[in-house]
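Pulled from TrEMBL, these are the features on record:
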| type | residues | note |
| --- | --- | --- |
| BINDING | 141, 163, 171, 242, 273 | L-tryptophan binding site |
| BINDING | 178, 183, 223 | Fe cation binding site |
| DOMAIN | 83-346 | domain 'Biopterin-dependent aromatic amino acid hydroxylase family profile' |
C-alpha cells in the first residue's frame, strides 16, 4: 500500500484554466524532466541530430517544461518523405487490421503524409477526442515504472526528435517516427487504448521486479509483437512498424526467431535497444495477445485492486468490500444500458441473444461476488 499511496497522488491529473491540457503534481513534473534513463541520451549516432550533445538534453527539457506548464507543443518541418513512403508500402502488406483502420483519419486530421512530420499538437488533440489519450514530451527513455504509470492515466510519453536523414530506416532510440508511425494508429483504437491503460494500472503499487517483468512483456508485444490475421503473420509492434529495416528483417529473414508468445517464457527474453531482437513473438490473433497479457497481469501480487475514475481523472484503490460493492453497482447500471440497447436491435442482429446471455451471466457473477463481499459475518 505504501507504493500505491505514494504513486497515485503524484500522478493525479488536474485540469486548470485550459481543459486541453492536464497538470501533474509539481514534484512529478520535476522527476519526469530528470528521470529519463541516461542511455536514452547516449544512443545518438555520430550525427547527434545535428546538436551539440552538451546542449541537447537541456533543449529537450525546455520543451518538456513548456508543455507541462500549459504551453503548446513546438512545431517542426521536414522535406524528407523517404521513411513515410517506404513504411507505407510495408504497412499495406504487413500491418494488422487494427493499425490500418484509423489511418484515413490520421491523414485527414493529423497531416500524415510524405512531405510532413505530423505535429504532436495535432495528434494530441485527435487522440484525446478519439480515445482520451494525451501526449506528453520527454527527453528520452523513461524507466518502466514511470512510463507504465503514465498509461494508467491515458498519458503517453513521447520523444520530440527525429532520426538523422543519413540513416532513416533504423534508429536505436525512440524518435518521432517511432511514436507517430508506430504507436499513434493503435492508440486511436478504443480497445487497444483500454488495454494499454489496463497495463498501466497493473503497474501501480507493484514491486520493482513485477514492473520489470511487465515492462519486458510490453516490449515484446506492444513494441515488437506479431499476430496471425487472414492466414498470415501481421505486425502490431510499434518498434517494427516504425523501422523499415527491422520490419523487413522480421517478416522476411527472422525465420526460427519468430516464436509463439508465452508470457512465462517471453518474460526472460532480453530486451535489445541497440540492434535487432534475438526473437519475435506472435499469437494466433490480436485479441489473444491482449488476453495473455491480461492473464499475466492477474498474477501480479498486490493486496488491493485499482480502477481509473474518468470523472475525477484519478485512481481509486479498491482495498475493501465496500469499495468493490460500489463499483459493482456502478457496473451493473452500465450493463443494464447495454442489455436494453441489445433488445432494441434484436430484430437486426443475430448475435444479440448470445451477447445478452453473456451480460446476464456476468451480472449474475457480479451479484454473487457482491453478496459474498458484503456478508462477512460468521454463520
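Cβ coordinates are placed from backbone N, Cα and C, and glycine is handled just like the others.
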By Cα-Cα distance, the member of binding-site residues 141, 242, 273 nearest residue 183 (Fe cation binding site): 242
Binding-site residues: 178, 183 - member with fewest neighbouring CB atoms within 10 Å: 178
In the chain carrying residue 223 (Fe cation binding site), residues 6 or more apart in sequence that have Cβ under 8 angstroms from it: 182, 237, 238, 239, 240
Structural state of residue 141 (L-tryptophan binding site), classified by DSSP into three states: coil
Length of the line joining the Cα atoms of residue 273 (L-tryptophan binding site) and residue 178 (Fe cation binding site), in Å: 13
For residue 242 (L-tryptophan binding site), nearby residues of its own chain (Cβ under 8 Å, 6 or more apart in sequence): 87, 177, 178, 179, 181, 182
